Amino acid sequence: GNYTLLTNFVLSGLSSHPELQHLLFFTICGVYSMTLFGNLLICMVTVHPTLHMPMYFFLRILSFLDISTASVVVPKMLVNLLSEDRSISYTGCVTQLYCVVFLAATEWYLLAAMAYDRYVAVCSPLRYAAIMNTRVCLSLVLLSCCSGTVVSVVQTAWVFTLSFCGPRRINYFFCDIPPLIMLSCTDTSLYEKQIISATVLVILTPFCLILLSYACIISSILKISSAESRHKTFSTCSSHLTVVTLYCASGTLIYLQPKSSNSQDTKKILALIYTTVIPILNPLIYSLRNKEVKEVLIRVM
């Protein structure tokens, strides 16, 4: 009965200490501004005629996903930091959860596609143009989006079929799966097993494919005679893998124990990493360290 009458939730936010609210607001606002600026810059630069390559096409999509992920979470979080009313409507919570899961899952599959693109470029350079043609690139992006849609619809529908007959206060700064299922008064053991399976499918499987791609890339790099070329390629690969590993670690630690109540503060920090920190790292790691991107950026400016 209470489930049918539920019209809104209340988000507890990042911190319960009033003296930290303004500091957190200005810090996160600055990070969000840099995220928007950096990723919008990449979106504009990578449409330059000299950068019409699959790698830059994927980077443009990745930047768009990063902007979207941050924009789904951060604006509401900033409002809540300065407001006493931290409520979010039932519909708003459903929408936010759907968007967060869709964007996260799509980005994981896109990262796997980008790793495959780099594998083909390094290991089969003579066939690269034939293998990674426009049709294949569009198909990989479309497949990533469709997979993200399926995962998001299933997860969101399953969460909101639970009965929320207890308190409506979410101990989090946005609507996510672990804090929502902690509010349910029904048995969620089956759902917890399902979400662990989804974590393996959405995060760990693409991560293993990415590692496999980079293992093949490193094997090919070791055959390069030029020490300078080897160092440059190793540097790029290590940067990419660092971001991917950080993303994987934060995601798996949050979702592998969805109903663990003794680590909510830790989960908040991890969620903050993948919703605000990683979107600002991607432009720096994937694009702004790239010589061709920097050259185009200087010419445009």
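Glycine is treated like the rest: Cβ placed from N, Cα and C.
Just so you know, TrEMBL annotations are computer predictions that nobody has curated.
Now, the feature entries from TrEMBL:
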DOMAIN    38-286  domain 'G-protein coupled receptors family 1 profile'
TRANSMEM  20-45  transmembrane segment
TRANSMEM  57-75  transmembrane segment
TRANSMEM  95-116  transmembrane segment
TRANSMEM  136-160  transmembrane segment
TRANSMEM  195-222  transmembrane segment
TRANSMEM  234-257  transmembrane segment
TRANSMEM  269-288  transmembrane segment
Whether the transmembrane segment (95-116) meets the transmembrane segment (20-45): three or more C-beta pairs under 8 angstroms: no
Stretch contact, the transmembrane segment (195-222) with the transmembrane segment (234-257), Cβ-Cβ under 8 Å, 3+ pairs: yes
Positions on the same chain near the transmembrane segment (57-75), where near means CB under 8 A and six or more residues out: 28, 32, 35-36, 39-40, 42-43, 46-47, 96, 99-100, 103-104, 106-107, 110-111, 113-114, 117, 137, 141, 173-174, 275-276, 278-279, 282-283, 286-287
Same-chain residues near the transmembrane segment (234-257), Cβ under 8 Å, at least 6 residues beyond its ends: 104, 108, 111, 115, 118, 176-178, 195-196, 198-199, 203-204, 207, 210-211, 214, 217-218, 221, 263, 266-267, 270-271, 273-274, 278, 281-282, 285-286, 289
Integer mean pLDDT for the domain 'G-protein coupled receptors family 1 profile' (38-286): 85
